[in-house]
Amino acid sequence: MTSVVVVGTQWGDEGKGKITDFLSSDAEVIARYQGGDNAGHTIVIDNKKFKLHLIPSGIFFPEKISVIGNGVVVNPKSLVKELAYLHEEGVTTDNLRISDRAHVILPYHIKLDQLQEEAKGDNKIGTTIKGIGPAYMDKAARVGIRIADLLDRDIFAERLKTNLAEKNRLFEKMYDSAPIAFDEIFEEYYAYGQEIKKYVTDTSVILNDALDAGKRVLFEGAQGVMLDIDQGTYPFVTSSNPVAGGVTIGSGVGPSKINKVVGVCKAYTSRVGDGPFPTELFDEVGERIREIGHEYGTTTGRPRRVGWFDSVVMRHSRRVSGITNLSLNSIDVLSGLETVKICVAYDLDGKRIDHYPASLEQLKRCKPIYEELPGWSEDITGVRSLEDLPENARNYVRRIGELVGVRISTFSVGPGREQTNILESVWATI
């Protein structure tokens, strides 16, 4: 039994897709356990970029099984579009498996997401308007439609009618918005269901059988710990649990079967959307990092907010996800800076604190306490070992490991597979 979980340790966009793709070469099954098509990940293969939102990164390995677990909310329209995109690029999807227990995102979820966000005005969350939150709301309220329901014409029709009646009352009475007709959804989405039917199965059986047989299983998280609905910067969070604990709920695999948790982070910090961000940069350094790092959302295209590396955030992520190994990305983006900074603690009303506050009001008053290190000017994109890094870059990497309290297993100096350097194989140490 061998399993590794890959989680984002910041606010998403840490490079999880790249690291999952890298670790997938030694895995036999790759599974996604939460989120929806609000999460974008970019994989670079032979200098060609592939952008995915729903399908696991392991799809590029035809001999390996790729799983969309029960904790994922699936927009069938987006999924069919993504499948077509992969087919056009010559990528086979015969190795894809989709949980029959996964919940379905429908047009009324997307409409409700938009109306709710507009109604919040200045207090908006900054969602991707993909219907993720409303779909998880229906799931918790026990009125959601699952993939298994979508495949049964009569059951889908019955449940869609019931849900539309409720949602349309909400649209008309609360939001003064036009209702959605049954015929606008039913045939189109039933057809999507039939198109993906061949991939649908009980994925918990596949995953547990693989683990019991001693196969290597890689679990791929979406978003990041700081967007977790319980452990993140609530309410500026997603509606699911990206933390490693989400694996057990979102994949149907027990906690005793999880061996390693790899936390993925960048050598700086970024986030999309609203919410607290103590180390955010508003100067030319921030603009430089954004441009060199191509910090624009895969899903939204929005410019990402950027800031210095925050070890307070990282220690919080380490604790709540049980991170055993760290994967540090985008070190190359900081090349050329005379000085690099790491936030080591916060100043809250004159008192030093080392933990991340739950209160948004306290977070607003937190000022980062920085440790400054000398930067480096060398081009490091061709570096293939820690020893080959310039001394200042090497010291920066080591200091991050010390402050977070987790050993660094891999570090990356660019987006390509070949630019990921192994310090310690997470598979070999299990």
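Just so you know, the numbers here start at 1 and follow the chain as drawn.
Each residue, glycine too, has its Cβ placed from N, Cα and C.
A quick note: this is a predicted structure, and the numbers were derived from the prediction, not measured.
Within 10 Å of the C-beta of Arg304 (substrate binding site) we count 20 further C-beta atoms, all protein chains included. According to DSSP, Arg304 (substrate binding site) sits in a coil region rather than a helix or strand. What Swiss-Prot records for 12-18, 40-42, Arg304, 330-332, 412-414 is GTP binding site.
Marked as IMP binding site by Swiss-Prot: Asp13, Glu14, Gly15, Lys16, Asn38, Ala39, Gly40, His41, Thr128, Arg142, Gln223, Thr238, Arg302.
Neighbours of Asp13 (IMP binding site), defined as other CB atoms within 10 A of its CB across all chains, total 28. In the three-state DSSP assignment, the secondary structure recorded for Asp13 (IMP binding site) is coil. The Mg(2+) binding site annotation in Swiss-Prot covers Asp13, Gly40, and the record cites sequence analysis as its basis.
Under the heading active site, proton acceptor, Swiss-Prot lists Asp13, citing sequence analysis as support.
Feature annotation from Swiss-Prot assigns active site, proton donor to His41; the stated evidence is sequence analysis. If you draw a 10 Å sphere around the CB of His41 (active site, proton donor), it holds 27 other CB atoms from the protein chains shown.
The annotation substrate binding site is assigned in Swiss-Prot to Thr298, Thr299, Thr300, Gly301, Arg302, Pro303, Arg304. There are 13 other Cβ atoms within 10 Å of the Cβ belonging to Arg302 (IMP binding site).
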The recorded positions listed are Gly40, His41, Thr128, Gln223, Arg304; by CA-CA distance, the one closest to Gly15 (GTP binding site) is His41
Round to a whole number and give the Cα-to-Cα distance in Å for the pair Pro303 (substrate binding site) and Thr42 (GTP binding site).
-> 16
Sort out the sequence-distant neighbours of Gln223 (IMP binding site) for me: same chain, 6+ apart, CB within less than 8 Å of its CB, listed by position.
-> Gly8, Trp11, Gly12, Gly35, Asn38, Ala39, Thr238, Ser240, Pro242
Those binding-site residues of Thr300, Gly301, Ile331, Val413 having Cα within 10 angstroms of Asp13 (IMP binding site) = none
So, in DSSP terms, is Asn38 (IMP binding site) helix, strand, or coil?
-> coil
